[in-house]
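Peer 1: Feature table excerpt (Swiss-Prot):
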BINDING   33, 34, 35, 36, 37, 83, 84, 117, 140, 175, 282, 306  NAD(+) binding site
ACT_SITE  119  active site, N6-AMP-lysine intermediate
BINDING   400, 403, 418, 424  Zn(2+) binding site
DOMAIN    592-673  domain 'BRCT'
């Protein structure tokens, strides 16, 4: 029995070593995180059951595997960057708390506060500062030595290069990751399996310009050798220094609240726009952290509460294709419905033709499907051991299934694309959905189903048609249609009217220009400040072979802007939209940071004469203010129009400053001058 256990341990270590090399060394994992965790758990159970075989454990306390054939110099961390112990159940978390309390010899009435933070699914890094100046950025590597990625990290947006009032030597740690939106753009030109691999591969590019174009994000979560008393103080100071920190954090001494936070994050994670794979619980007191110390592999004062498996096995019934907003034709797996994490899944993305060929996916196969918060789940693997003789290879279409145009593959890309743009009905439909989305014009009540309804009835054919919808609906009785009533129609019309005032950055994003996401749209808007300036500059750009320089924007984004303005149909849509919308000027970062209302809470009440409530709200937000719906002790200013109501009375009772509309207009003008 003992010999069998020893052989099983050797086999598990061989598998773990193999997968660690693929994951940490080559950024090309063969198995999912869940499958890897199962191997780790099996090894732990084996060692618990047969403690005598631990002497044969030749792969213990391993943090990571150094990057193979690394082109980046290796550097040593100030302190080891250890991995975290995992918890998979509430009982595991309770055992962790019990273990910590016992180690610290706490009494039942003694308080043990936890910091509950999102566990980012990206690539760990450390940033070293000497005298407040950024001198080095490194990957985690094997936990003791990492790769020097300083040059590439310098283009990470928002990573401070200089800190005020910092310790002489400070090491800040965090995670580099990629938003889903940026990964989807990249997927057409690079063959990364997921956002985490894309982030790890992108930060290791030899060309810094490519790194910048990949639009990587980061979050900082700890500061080594700092003198702060708590993790809460560390996060606050990191934020004040200008680091990006995750604001979704809870500090509590009650395990019930920590678990409730975990459950809340688990159910809402799909709205984050990036991948997380659990919640990290840390002992808040840094003094307690020092007392607890670490094992060879992980700190004793923290644990990662991992999300449950989001994978399942089901039959691939068929493969269809769909056309996206930018013309990318994506193969979709039509599945035998399966419950994954409490959600019935019948469709999943196959990414592109290269992925189908690489995985050798065939119709009739048993496939492994992963759902990790994405809008469309993914086929991550094929179970070829159970493949029958009746499976069929998929033949990718040569023409667009929507408009019939011949599909093209641009140089350096893996995706096939329909280039008919707005004359392709499928692309036009997806652009309308994008246009009304939260970061676009944010039209409530005009979701995917409503848009498809109006498109199918010939009422919307392009984004410009949205603002003619009210007129077209006259004489049409929607009450007879399923899902529509007098109130829902009235609410929709009101929402469209309210959206007619829009900030320039939101408008640019809403157009759905390729490579122009939320961040890029903001950079463009801040550069040109007004719609007129932007429109004129882009038209001039199409008439020259020269390019323009917009701080923070890469060549692909500039070329995409130029291409968009080179299409006559797009210019016609812009002309129609600019006549119907009130596109507000964009404030510069300097204006937002230095304005008198930056960081202050403003409330509007009553009827405004010179602008809508939406326009006033956008004005305030563009200058860095926070707009609230109700007056409280935290309110800095109340702008009162005619018939102000109870908010005015409450403001007076709380000694909140109250001004009229004319004073507000003057305040905005002064802030922008």
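Just so it is clear, glycine is given a Cβ too, placed from its N, Cα and C backbone atoms.
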Peer 1: What does the DSSP secondary structure composition of the domain 'BRCT' (592-673) look like, as residue counts for helix, strand and coil?
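Peer 2: Grouping H, G, I as helix and E, B as strand yields 33 helix, 18 strand, 31 coil.
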Peer 1: What does the structure give for the C-alpha distance between residue 400 (Zn(2+) binding site) and residue 282 (NAD(+) binding site)? Integer Å is fine.
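Peer 2: Pair distance, Cα basis, whole Å: 52 Å.
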Peer 1: Using only C-alpha positions, which one of 140, 282, 403, 418 is spatially nearest residue 119 (active site, N6-AMP-lysine intermediate)? These are the binding-site residues in the record.
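Peer 2: For residue 119 (active site, N6-AMP-lysine intermediate), the spatially nearest of the binding-site residues is 282.
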Peer 1: With Cβ-Cβ distance below 8 Å and at least 6 positions apart along the chain, what are the contacts of residue 418 (Zn(2+) binding site)? List them in sequence order.
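Peer 2: Looking at Cβ-Cβ distances below 8 Å from residue 418 (Zn(2+) binding site), excluding near sequence neighbours, one finds 323, 327, 329, 400, 402, 403, 405, 407, 408, 424, 426, 427.
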Peer 1: On a count of neighbouring CB atoms within 10 A, which of the binding-site residues 84, 400, 403, 424 is highest?
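Peer 2: When each Cβ's neighbours within 10 Å are tallied, 400 tops the list.
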Peer 1: Can you tell which of 119, 282 has the most other C-beta atoms within 10 Å, given these are the recorded positions?
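Peer 2: When each Cβ's neighbours within 10 Å are tallied, 282 tops the list.
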Peer 1: When you average the Cβ positions of 400, 403, 418, 424 for the Zn(2+) site, which other residues in that chain have a Cβ within 8 Å of that mean position?
Peer 2: 323, 327, 401, 402, 404, 405, 419, 420, 423, 425, 426, 427
Peer 1: What is the Cβ neighbour count of residue 140 (NAD(+) binding site) at a 10 Å cut-off, with all protein chains included?
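Peer 2: Around the Cβ of residue 140 (NAD(+) binding site), 23 other Cβ atoms lie within 10 Å.
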Peer 1: As a test of reading the model: what is the averaged pLDDT for the domain 'BRCT' (592-673)?
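Peer 2: So the average pLDDT across the domain 'BRCT' (592-673) works out to 84.
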Peer 1: With H, G and I counted as helix, E and B as strand and the rest as coil, say where DSSP puts residue 119 (active site, N6-AMP-lysine intermediate).
Peer 2: strand
Peer 1: Any idea what DSSP makes of residue 84 (NAD(+) binding site), helix, strand or coil?
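Peer 2: Coil, per DSSP.
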